[in-house]
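See structure below.
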Amino acid sequence: MATEQQLSAIKGSKVLMVGAGGIGCELLKTLALSEFQDIHIIDMDTIEVSNLNRQFLFRQSHVGQSKAKVARDAVLKFRPNISITPYHANVKDPDFNVDFFKRFSVVLNGLDNLDARRHVNRLCLAAGVPLVESGTTGFLGQVTVHVKGRTECYECQPKPAPKTYPVCTITSTPSKFVHCIVWAKDLLFAKLFGDKNQENDLNVRSSDASGSSEPAEDVFERKKDEDVEEYGRRIYDHVFGHNIEVALSNEDTWKKRNKPRPIYIKDVALAEVIQQNGNLDKVPVSTDPLSVSAMTTIGLKNPQDVWSLAENSRVFLEALKLFFLKRGKEIGNLSFDKDDQLAVEIVTAAANIRASSFGIPLHSLFEAKGIAGNIVHAVATTNAVIAGLIVIEAIKVLQDDVRNYRMTYCLEHPSRKMLLMPVEPFEPNKSCYVCSETPLTLEINTSRSKLRDFVEKIVKAKLGMSQPMIMHGHALLYEVGDGLEEDMATTYAANLEKVLAQLPSPVTGGTVIMVEDLQQELTCTINIKHREEFDGEKEPDGMILSGLTEALVQKNDEASKENGASTSNVSETVSVEAEEDDELQILPAVSGLAGKKRKLPDNANSSNSDLSGVIDETKIPRKAIDREDSEAVVVLDGNGERKKKRGQ
């Protein structure tokens with residue numbers, strides 16, 4: 001039972017929830033049952049069928065409706081006397097500015113992506129509003145408290161970077177099924193159904209044109225009056241046959257590797273594939289294009305079956321045909337979506353055919369979907385536990401009970417007989433550029449790099465700013481926003497195409513520039529250091545920003561620098577990022593040194609004889625997700641270099 005003091009703090013508070021998904025549903029229910037009276041919810045998503053197994057406030061009849069609004073209506077049925085205000089919108093919209101955040105006593109995050117988390121963190125810092133952050137991945141979870149000036153902010157510690165693979169590995173020398181999935185999803189699917197003008201590392205030259213100096217037609221372009229089945233067989237032979245032949249032509253590549261096997265349609269029981277290929281009459285009538293299925297058409301039922309090479313070939317050809325016949329208007333604008341049945345089917349089939357060529361074990365559609373969508377299946381109980389911990393910390397924040405703030409980790413297996421591990425929060429990181437405004441340093445070739453490169457690769461990608469303003473001294477070099485006059489917008493657009501050293505106020509070595517995000521009210525100072533050359537493989541951006549809390553990067557599978565068979569002429573990487581879905585919450589990671597300890601709070605299970613007053617942080621996994629490797633990559637919690645904690 002809550003004390004009178006706690007009830008007074010709860011009932012007098014105004015709470016902002018960001019996210020109404022897996023954690024959000026549990027959190028809203030718990031807030032309502034804990035006597036919170038004024039709750040606001042922001043969520044831009046609509047309800048999908050896949051949400052219904054864990055987001056218990058939603059039902060089948062709610063599919064397609066706003067999560068925030070449906071969650072409000074569901075809770076008001078059993079708590080009709082409280083106020084819940086829903087916003088079906090993006091938290092990054094201009095309406096949700098610093099003044100909006102200042103209206104709240106505390107902000108509770110139930111988000112599913114790093115970009116939005118960083119944005120909310122900065123708005124909370126600017127508004128001086130406490131933030132309770134959270135995340136879950138399967139059985140793992142965590143809740144952290146961030147109060148300006150008292151604890152570290154969300155960005156004081158590094159976050160895991162997406163796993164990346166060199167393009168040459170993906171296009172020429174795959175050794176794991178995940179390589180085949182990335183190839184099928186990010187290269188082949190994009191080439192077949194995405195923007196035709198985008199750069200792509202798939203070989204587009206036909207065998208007829210491979211020895212000619214004349215410009216070759218893109219073989220992925222469907223010829224005028226070309227039958228869709230003929231087109232499908234031509235694409236099949238090109239990507240699984242001709243491109244493998246091209247890769248085999250570089251003998252040095254295969255001296256220490258097993259050679260792949262080119263696969264042509266004639267090699268896969270052609271008569272069987274064509275005769276048994278689907279009948280459009282079997283396609284069920286549906287108004288939802290995402291439900292069209294090649295499996296249904298050709299009579300494959302169990303998504304957990306591993307298809308043979310012939311079955312994968314049938315699915316590939318049938319899915320390609322269905323895209324053109326049933327969803328032709330979408331071609332040219334499609335991107336892979338794990339909730340698009342036909343997209344999952346063609347990516348699974350293509351990845352399996354390629355895997356067969358390279359001697360890699362085949363996978364079922366169920367397994368392939370999990371890899372392609374980077375899905376770690378959600379556990380409703382974990383979400384419920386984390387939601388309860390969020391409310392506990394929120395009550396402490398409302399009472400200004402600083403000494404009892406805790407970062408709590410939910411573990412899959414007991415550590416020292418504990419499944420919930422509370423840890424005292426750290427003080428702000430003095431080198432954090434977000435909450436401590438520490439200057440950064442950028443190494444860049446100011447004579448070659450354009451302002452656009454700086455904006456896209458540094459300001460937006462690295463610093464996470466959405467409405468940046470860039471100044472050199474008193475000169476305004478760039479600004480974005482709806483209120484700009486037309487002549488100024490034209491000037492700033494022209495500046496984007498100029499190299500840094502040729503801007504109206506030249507940016508050269510030794511220059512100091514200021515970058516400000518007007519919505520986040522965040523200002524960052526960047527010292528420019530001119531550098532002539534960069535390593536194209538190790539430094540593909542052509543610039544290096546130092547002073548950030550660096551991300552924890554998972555190792556690439558293999559070095560491919562000797563690979564000469566790639567059709568790409570540049571050194572690039574393909575990243576496997578977390579899908580923005582409730583099924584995968586991104587856990588903020590903390591860099592750590594093995595064996596370092598953090599003191600347990602004095603009131604944490606003192607009767608347990610196994611607790612010696614400290615916890616071994618190497619026992620607390622932040623993230624252990626590597627669906628392809630037998631040895632999971634475990635990112636450990638902790639930071640041995642941080643010497644002082646609040647309250648010590």
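Just so it is clear, glycine is given a Cβ too, placed from its N, Cα and C backbone atoms.
The number of other Cβ atoms within 10 Å of the Cβ belonging to Cys168 (active site, glycyl thioester intermediate), over all protein chains shown, comes to 24. Residues annotated as active site, glycyl thioester intermediate in TrEMBL: Cys168.
Marked as ATP binding site by TrEMBL: 19-24, Asp43, 51-54, Lys67, 112-117. Here the Cβ of Asn53 (ATP binding site) has 12 other Cβ atoms within 10 Å, regardless of which shown protein chain they belong to.
TrEMBL lists 201-213 with the feature compositional bias 'Polar residues'.
The compositional bias 'Low complexity' annotation in TrEMBL covers 565-576.
Sequence annotations record features per position, and here TrEMBL assigns compositional bias 'Basic and acidic residues' to 616-627.
Residues or ranges marked as domain 'Ubiquitin/SUMO-activating enzyme ubiquitin-like' in TrEMBL: 442-534. Within the domain 'Ubiquitin/SUMO-activating enzyme ubiquitin-like' (442-534), the DSSP-based counts of helix, strand and coil residues read 24 helix, 30 strand, 39 coil.
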Residue among binding-site residues Gly19, Gly22, Asp43, Asp112, Asp115 with Cα closest to the Cα of Cys168 (active site, glycyl thioester intermediate):
Asp115
Across the domain 'Ubiquitin/SUMO-activating enzyme ubiquitin-like' (442-534), the model's average pLDDT, rounded to a whole number, is 91
Here the binding-site residues are Asp43, Asp112, Asp115; which one has the lowest number of other Cβ atoms no more than 10 Å from its Cβ?
Asp115
Distant-in-sequence Cβ neighbours of Gly19 (ATP binding site), under 8 Å, six or more positions away:
Ile42, Asp43, Asn109, Gly110, Leu111, Asp112
